Amino acid sequence: MTSKKIPAFNDWPNDIGFTTHEEQSEPVDLEVIGTIPAYVSGTLYRASTAGNSIPLSETTSLPLSHWFDGLATVHRFTISPPSGTLAAAKITHTSRLTSSGILTRVRRTGSLSGFTFGQKHDPCESLYAKFKSAFFSANSALATADERDDEEVNSCMNVGVTISTSFPNPHAAGKIVVKTDAAVMQLLTGESLKPERYLLQRDLHSSLRGPLSAAHARTDPLTGDLYNYNLDMHPRNSGYRVFRTAKDTGATEILATIKDAAPAYIHSFWMSENYLILCIWNSRFSWRGAKCVWEKNLVDAIADWDPQGKSFFYVIDRKGGKGIIAKFVDAVPFFAFHTIGAWEEGEEDLVLEALSYDNLDVIKKFYYENILSTNLEKAHSWLGRGRTALSRWRLPSILKTNGHVLPAIRESTLAKEWGMELPTINPLFVHRKNRYIYATTSTSSSSFMDGLVKFDTKTNTAKHWQVHAHTPGEAIFIPNPAGSAEDDGVLLSVVLDGLSGRSYLLVLDASDMSELARAQTKAVVGFGFHGKWEGEGGGGVEY
């Protein structure tokens, strides 16, 4: 007797990308179909999720609510170019559930404690219980220094959004560092991906005591110095502390403290050649952040969308020690996950690009019930909601504001039809005016992402890669070291073939979006967020 096939939205099944718990603990060789350029030699690390539930026994499980709370898993794809009699590149794949301690504790206690992104918690808990669970659980306090070498503690955190391969801290030397929107980082061994240690931002500097930060730190492409912010919501010490950690010494200094901005969920920020730009957009927390303690998750702590909400851009000197040098405001409310390019024009203008939303629908769209392809009613109801536009702002005369808050000029809002997300660029064009943006698309062909796009900001045209029922992840750009054109390189993306229920590593020509090669994995790669390429020339930059 054959099992009945469950219909999927638009015959584009994706459930297995959200529900899989597969792990590839031993390296396996993948069959490569096609040709990979010889310069694509190195390792791709991918942050992934492992299932929308936590198994408690053979018959029961604890359901998870939100995609961003899926159990963190890290994948490693090692690409070796052809050599000797080898006719094609060799690709090996391994993966590890780096949050296995959560699995152990949930099975022991029967519940998921701690602070989450969107998980629903027991509304009957007392305020004290909520506070204790949110800020003194394994997810955040990771209480004492002598626990830092305890394997269960080090794996009992759900940190799996962005990846660094050259984090400037002595404890991180030679380690893979996984980050999230909290002020905690997980350190993994490069080969086995075993969780070895955790690192808190307050270990970098004693003033970085707040619980939140940006998953997307920025690195200077010349010096390797790392930049980020720390958000402290304590009533007597609230504010954003923007900091730099030096690559050569590991020393951290506070570049600026922002005290006049409401606490908000900010996933990324901009960095130009000389400045950092932190935008407090329309994702502010209720009760000046205190609701985070009550709700124990970010989604329910974020205030309702304010149609009159303004966004404030803080321009911070990152080289000369001058702190905040200018402040701008956009009176049209917006929210963003991902900033893209930032560059300086002339001596005084800054130009910024980001994928912006005109409401907060996208945060709730990513509840599992809304994106699973077999939940047809929800998929239809969310079709077209929570989609981005490519926005560009100009911050003029930043050195002549004289302490006044001036208008940020929104020069363009484009490409909403593509629903772009997870944007990347050629890393050699960080700080420069880039022409091409690569991103996943959401064109309503599926209940989730449905293609990859190369968007030309000069002509406002696009080249699109799409295969029916194949759901791609973020596309990582690998530049051709012998090339000079901005689009001379390849893209690496992990794709799920929903019809066969198998994943593969896709290699595209970045100039025309044509397929060069693919390598099918033995295990399903769960849908995740960001990746990091470590090539022969080093790890490149974070952006």
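Just so you know, glycine gets a Cβ as well, placed from its N, Cα and C.
Within 10 Å of the C-beta of HIS530 (Fe cation binding site) we count 22 further C-beta atoms, all protein chains included. What TrEMBL lists as Fe cation binding site is HIS216, HIS267, HIS338, HIS530.
For HIS338 (Fe cation binding site), the Cβ neighbour count at a 10 Å cut-off comes to 20, with all displayed protein chains included. Other residues of the chain with a Cβ within 8 Å of the Cβ centroid of HIS216, HIS267, HIS338, HIS530, the Fe cation site, are VAL161, THR162, ALA214, ALA215, SER268, PHE337, THR339, LEU422, PHE529. Counting every protein chain shown, the Cβ of HIS216 (Fe cation binding site) has 20 other Cβ atoms within 10 Å.
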